[in-house]
Amino acid sequence: RKLTGLAQKKLKGNFNLNGMHRAGDVIIGGLFEMNFFSTQSDLFFTSEPQQPTCHGFDVIGFRLTQTMAFAIDEINRNPNLLPNVTLGYSVYDNCNTLGIGFRAALSLTSGQEEQVIIHESCEGTPPVLGIVGDSSSTRSIAISAVLGLYRVPTVSYFSTCSCLSDRKKFPSFFRTIPSDAFQVRAIIQILKHFGWTWAGLLISDNDYGLHAARSFQSDMSPADGGCLAYTEILPWGDDPAELRRIVDVMKKSTARVVIVFAHESHMIDLMKEVVRQNVTGLQWIASEAWTSAAVLQTPHLMPYLGGTLGIAIRRGEIPGLRDFLLQIQPDLNHNQSIGKSFWEYTFKCRFAPPPSGWVEAGGAICTGQEDLETVQTEFLDILNLRPEYNVYKAVYALAYALHELLQCEPGRGPFSGNSCGDLQRLEPWQLVYYLQKVNFTTSFGDEVSFDENGDVLPIYDVMNWQWLPDGGIKVQNVGEVKKSALKGEELTLHEDKIFWNIKSEKPPHSVCSESCPPGTRRARKKEEPECCFDCILCSEGKISNKTDSTECISCPEDFWSSPQRDHCAQKKIDFLSYHEPLGICLTATSLLGTFICAVILCIFICHRKTPIVRANNSELSFQLLVSLKLCFLCSLLFIGRPRLWTCQLRHAAFGISFVLCVSCILVKTMVVLAVFKASKPGGGASLKWFGAVQQRGTVLVLTSVQAAICTAWLVSASPVPHKNTQYHNDKIVYECVVGSTIGFAVLLGYIGLLALLSFLLAFLARNLPDNFNEAKLITFSMLIFCAVWVAFVPAYISSPGKYADAVEVFAILASSFGLLLALFGPKCYIILVKPERNTKKAIMGRGTTHP
């Protein structure tokens, strides 16, 4: 019912949760696991809430609770942080149960007063400023999904599920422990560092394990860390059959590295089966959930777990915490206080009245005056503060956010109308705004700030389980992995400090397939993960110059793959060289022909007045010898590295030289026919057309035609040097392309036409009287000439690269030698060997022996 200015609402029931409370101007809530087990079901909403019964005292969870109390006490004593504001706390035990943790969160945010009086102006401080907790990802998901609707900030110290980074689902969730997404990447970096590309993954059947598995599947690749040989879900509770199957998978797999993303309770059950089957030689990688689990660090398990590498929450130091813990005293006024449970657990006693039969069994009675320093308890072991350090940072994050909110100057605030938040009218979302911008440094030197997803700047320690020579066990810090704004993710490992639980005392080897060396590429095996592959040699012309290449790259045009296919080598340059045997032989033959021409020319000059020289136009013979000499010399242009000028000159020089030569032979043949015709009655007039001037003019005109053909060819489509890579893959053939095939064909065709005409005329004159018998020599020489060049065409077309040049040079030399020997061999024989026949009488005498 409505009251004047007030409204009343009575609670329907009370959860009666175990907890600790301290009054203050502002209250910070906390959710901690102070008991392992509960008889309470996970039904949240019933008409009459059942009262939970928690048991199995968790001394570490209680130490986390006291760390929060210490942090609040330290803040209250700090004059520079929240001056004039006293923080209090309200902490509940979640009993490691989702239902109880959820009820505790609702109690913290709504309060547990029997009657709530709300002013119409809705003024007043909320029941809690924010909540430190929960420790479980599953519980944090459920709690934050509801509290996020009202923007109540929660800062977890142990919930690592990457799903909690979703700002749409969890808008007011923060955490001082890195996300599992970063933890997964940290483990992948360790895998990459040691070259472990083949690993197995074991996960717990909850949000913690399942989301980690998804992160591994999305982030882990052959390029970034390798492949998963198998992924198995560890059962809840003792399931021997399933555990036996999982261990069998581990034994049969070739993966020597096993990643376990699960809680220590899963590892306890798993190791029972591992020990039973005596599975050794595995390299274990632990998630932060069991890296520091003392229950697994026993001489019984170290033969199997020794050398484990684990990701651990960042260790911190909290000065003054131990003295604070020593001041704890049990609350004797409440029968079910957490303090009494801690006292009974630590001193193995019971407060009066003790349980039935306790005294008779020799049990001690607690007085509350026992001294904590007289007992050895892990509660006071503050040398390895990890989750406690996260709790400490979470409390300070809330305190700094509230401090910044209260420092806001009216009219310059971040909210609508430049307004500021007020402690008496504080909205939860206002604190979320400042919490998002928190940035401070702890006394241990670690920077604390949150990104846009509420995740803290991540940092993990890398731990190594070491089995000491004296049988002792030590968990040694061997490195760290962290993320910074400037350098990104960094892994630092001190390998000299790492203990390896294998005989070689070196990092184990865990790959599905050995790395492919340079010169090969990876080819994935059918129906197997990407890390299982064969190494295939790169094909010719392609290389791979690094290990584990997925493809081979083609060499540039002027390069070719080495025999090992690991680098591109400059292709060999191939052309008809003066330094190779073929080039040397052709050069020598060309020079020999030139020398012979020179010798014959000297012989003819010395015997120019003899009848054998003068008998058949000595001037044409000299011209013919000079042209043959040019033919021999032009062949040298086809040998050596092709250049523009040699490509242009070689065919022109060849064409003009041979036309000059054949023109001389043609004119010589025509002169023979004219002389024979003039010797007949009435034929004297024919000689006037074949005088010396006409002979020279005919040779000049015929040669000029070829010169014109060459000029037109060079101007229209000049031959040029060309790098040909088609003949050989590993060679570059330097050759001269003719430019215009028609021009080359016309050049050869003109030579052939003159040669054919000379042959026909000489053939017609072959039966003339013996005193004009040079026609027979011309016929034979032109027959050789035509045979050589007819054979040249198919040989030239079918010969690749430098061999085409060699064929052309051979044709030039063969035809030149044929002409030289056929035309001048018999004359030199007479001049040098049979001088008695080199007389006019002898020559004319041969003419009278035939009718």
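Don't overthink the numbers, they just go from 1 along the chain as shown.
Cβ from N, Cα, C; glycine included.
Because the structure is a prediction, the values reported are computed rather than measured.
Listed features, source TrEMBL:
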TRANSMEM  581-606  transmembrane segment
DOMAIN    582-847  domain 'G-protein coupled receptors family 3 profile'
TRANSMEM  618-640  transmembrane segment
TRANSMEM  652-676  transmembrane segment
TRANSMEM  697-717  transmembrane segment
TRANSMEM  737-765  transmembrane segment
TRANSMEM  777-797  transmembrane segment
TRANSMEM  809-832  transmembrane segment
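Within its own chain, the transmembrane segment (581-606) is flanked in space by residues 613, 618, 621-622, 625-626, 628-629, 631-633, 635-636, 639-640, 802, 806, 809-810, 813, 816-817, 820, 824, 828, 831-832, which lie at least six positions past its ends and keep a Cβ under 8 Å from the stretch. As a quick check, the transmembrane segment (618-640) and the transmembrane segment (737-765) miss the bar of 3 or more Cβ pairs under 8 A, pairs 6 or more apart, so the two do not touch. The average per-residue pLDDT of the prediction over the domain 'G-protein coupled receptors family 3 profile' (582-847) is 82, rounded to a whole number. Sequence-distant contacts of the transmembrane segment (809-832) (same chain, at least 6 residues past either end, Cβ-Cβ under 8 Å): 576, 586, 589-590, 593, 596-597, 600, 603, 607, 610, 612-613, 621, 624-625, 628, 631-632, 634-635, 638-639, 654, 658, 661, 665, 774, 777-778, 780-781, 784-785, 788-789, 791-792, 795-796, 838.
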